[in-house]
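One structure, pasted below without further comment.
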Amino acid sequence: MTDIINKLQAFADANPQSIAVRHTTDELTYQQLMDESSKLAHRLQGSKKPMILFGHMSPYMIVGMIGAIKAGCGYVPVDTSIPEDRIKMIINKVQPEFVFNTTDESFESLEGEVFTIEDIKTSQDPVIFDSQIKDNDTVYTIFTSGSTGEPKGVQIEYASLVQFTEWMLELNKSGNKQQWLNQAPFSFDLSVMAIYPCLASGGTLNLVDKNMINKPKLLNEMLTATPINIWVSTPSFMEMCLLLPTLNEEQYGSLNEFFFCGEILPHRAAKALVSRFPSATIYNTYGPTEATVAVTSIQITQEILDQYPTLPVGVERLGARLSTTDDGELVIEGQSVSLGYLKNDQKTAEVFNFDDGIRTYHTGDKAKFENGQWFIQGRIDFQIKLNGYRMELEEIETQLRQSEFVKEAIVVPVYKNDKVIHLIGAIVPTTEVTDNAEMTKNIKNDLKSRLPEYMIPRKFEWMEQLPLTSNGKIDRKKIAEVING
């Protein structure tokens, strides 16, 4: 596959009435997707700046993506869940010529001409448009959090997206014309893992509404109505869905492939999923936004579960060469690496290198290569110092999750005068806690055999489930706010 747009157009010509995108009762056929995106591309033609794509899970968000790719300008997805001040920061950074608003509400942009769905539906522009995008053009820019509070716009080139899509289709064992589930909002690059492999293989992209993120029963209704074949989500979202006893192979026999990315996949969660879907293909993948979604993969089997108490993220893919610094920081090199941060030379220079035409990115993740597999050991910036000891919070969390009394765990440092004074564990227990002191004692006894005393949390807070962000990741900030009152 050398071009995604040509692939989509060929499928639309052969299967015009096949459903390309579905969100609740809203659907678009492949013919509609290609026609509407061409009409949008005519309006964007000649623009040298990325289009702001505003909305949530409307099928017209996909129209916006394909239209912006055809026009060659690329797009910046902005989800409705993003705070207004952050949206203003993004628009100020992008300085767009055009904004495509896919919501029913008005969108006040300080920059750029605003289009609506109705504008495109009623447009008399031609439904044929020859794609203008080139391999080295920026296809999308996704903004991630910055340490200073200013979001950073990660620019991904078209050739990187095409290469990633080809890799995903090589991993995919379910074949073409499958029903794909996408959990992630489009401002989160995990969505790319579902969108382009799905459409490039003639599948139907089923979009999970934001109301389903913390309500698995609503998702159950969706899965009952639509027999999904391929599931793409964060591990945290899948864990929440496993609260449904009906989420199993007997109930959902069509669901035969899972892709996870965006977070570390806990061993306990993977074990539960393998037990419930013994015939399914389950992939654990890893990659930062700055390296086109994912750069490693491993198929999780019972053999892998038995061999590794902490799951590896697998082996590198084409377009990504992995290595570590003397400090254990993971470095990614190759085609998968981003073009840098939009209009932010200082931050780009801190973590990217483009010498001799080779792109490298310092991830900030601690990693090791062992037994032919890569392992992610947490964030370097999740290191803290307590009583003179430097430690990794994620190492403590990993050990907590191996306790028979713990289903899920997050460790929160408690500060006083900018200094960590002790640790608290936010715990989802495997059983109801009837005796707080007894449960605390049991968990601490488990930890004492695996961690030094200074790394064991002083106390534990019990939670029914860990809160998730709009991206479906564990919301560490909210947990810290709850614990610290």
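Cβ coordinates are placed from backbone N, Cα and C, and glycine is handled just like the others.
Swiss-Prot lists Thr144, Ser145, Asn284, Thr285, Tyr286, Gly287, Pro288, Thr289, Asp365, Lys473 with the feature ATP binding site, giving sequence analysis as the kind of evidence. The feature D-alanine binding site is assigned by Swiss-Prot to Asp189, Val293, Lys473, with sequence analysis given as support.
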Would you mind sorting out which of Thr144, Asn284, Asp365 (the binding-site residues) have a C-alpha within 10 A of the one on Val293 (D-alanine binding site)?
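So far as Cα distances go, none of the binding-site residues lies within 10 Å of Val293 (D-alanine binding site).
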On a simple 10 Å Cβ count over all chains shown, which one of the binding-site residues Thr144, Asn284 is most densely packed?
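Of the binding-site residues Thr144, Asn284, the most buried by Cβ count within 10 Å is Asn284.
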Tell me the Cβ contacts of Lys473 (D-alanine binding site) under 8 Å, same chain only and six or more apart in sequence, or just say none.
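Expected: Thr234, Ser236, Gly262, Glu263.
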Going along the chain, which residues six or more apart from Tyr286 (ATP binding site) have their CB under 8 A from its CB?
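The answer is Cys261, Ala294, Val295, Thr296, Ser297, Val313, Gly314, Trp374, Ile376.
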Given Asp365 (ATP binding site) and Asp189 (D-alanine binding site), what distance in Å do their CA atoms have, once rounded to a whole number?
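Rounded to the nearest whole number, the Cα-Cα distance is 18 Å.
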Out of Asp189, Asp365, which of the binding-site residues has the smallest number of neighbouring Cβ atoms within 10 Å?
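Asp365, out of the binding-site residues Asp189, Asp365, has the fewest neighbouring Cβ atoms within 10 Å.
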Which residues, same chain and not among Asp189, Val293, Lys473, have a CB within 8 angstroms of the centroid of the CB atoms at the recorded D-alanine site?
Ala184, Phe188, Leu190, Ser191, Val192, Met193, Thr234, Cys261, Gly262, Gly287, Thr289, Asn471
Within a 10 Å radius of its Cβ, which of these binding-site residues (Pro288, Val293) has the fewest neighbouring Cβ atoms?
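So among Pro288, Val293, the binding-site residues given, the one with the fewest Cβ atoms within 10 Å is Pro288.
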Taking only the Cα atoms, work out how far Pro288 (ATP binding site) lies from Asp189 (D-alanine binding site), in Å, as a whole number.
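Their Cα atoms are separated by 9 Å.
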Helix, strand or coil at Thr144 (ATP binding site), per DSSP?
strand
Could you measure between Thr144 (ATP binding site) and Asp189 (D-alanine binding site) for me? Cα positions, answer in whole angstrom.
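The separation of the Cα atoms works out to 10 Å.
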Could you give the maximum C-alpha to C-alpha distance in Å for the residues Thr144, Ser145, Asn284, Thr285, Tyr286, Gly287, Pro288, Thr289, Asp365, Lys473 that bind ATP per the record?
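That value is 24 Å for the farthest Cα pair.
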